[in-house]
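S.K.: Have a look at the structure that comes next, please.
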């Protein structure tokens, strides 16, 4: 079973299942291992959820026209690209010298109650405190680094599935 030969629907369903699995693991780590997500982690979860939504919509719709598949591929790529940007920022915060760290500021719940959405987004992306802590590693990579790997892989998968030439199922 070569996933590169699967139908568009099956390929996008696989993308959705990957995102759902990653989100489920993030929730497991939070609830059972006790690691509280920082604001950048939460934004990465939102990006994975958006990516999962586009993968699921594409899988359910399963457009026959190449243009429709390309639209889903591009939308998924954009969601993954946003996630890559957030993960890259998080990795940068984690690898910079500790003496350059500043306060992360108040929790995300407080920010969302006292600021508009764009100001919250800007504040979170400039904050660095808790976001700089590395509490979890697997094969030497922190969770934001793994998020980056997954965002890149899923972005490429979305483009492959969306732009792959497909044989017509209509026989002449």
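Every residue, even glycine, has its Cβ placed from backbone N, Cα and C.
Not measured: the values here are computed from a predicted model.
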S.K.: Taking 47-63, 98-114 as the choices, which stretch does Swiss-Prot tie to transmembrane segment?
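M.R.: Range annotated as transmembrane segment by Swiss-Prot: 47-63.
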S.K.: Hey, in Swiss-Prot are residue 46 and residue 144 both on the same membrane side?
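M.R.: Topology check (Swiss-Prot): residue 46 vs residue 144, same domain name.
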S.K.: Please give me the CB contact count at 10 A for residue 131 (disulfide bond), counting all chains in the structure.
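M.R.: Other Cβ atoms within 10 Å of residue 131 (disulfide bond): 21.
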S.K.: For the transmembrane segment (12-28), could you work out the same-chain residues 6 or more beyond its ends whose Cβ comes under 8 Å from its Cβ atoms?
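M.R.: Sequence-distant neighbours of the transmembrane segment (12-28): 3, 6, 37, 41, 45, 48-49, 51-52, 55-56, 58-59, 62, 72, 76, 147, 150, 154, 157-158, 161.
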S.K.: Could you tell me the mean pLDDT the prediction assigns to the topological domain 'Periplasmic' (29-46)?
M.R.: 88
S.K.: Residue list, the topological domain 'Cytoplasmic' (1-11) vs rest of chain: Cβ under 8 Å, 6 or more residues beyond ends.
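M.R.: For the topological domain 'Cytoplasmic' (1-11), the far contacts come to 58-59, 62-63, 69, 157, 160-162, 164, 166.
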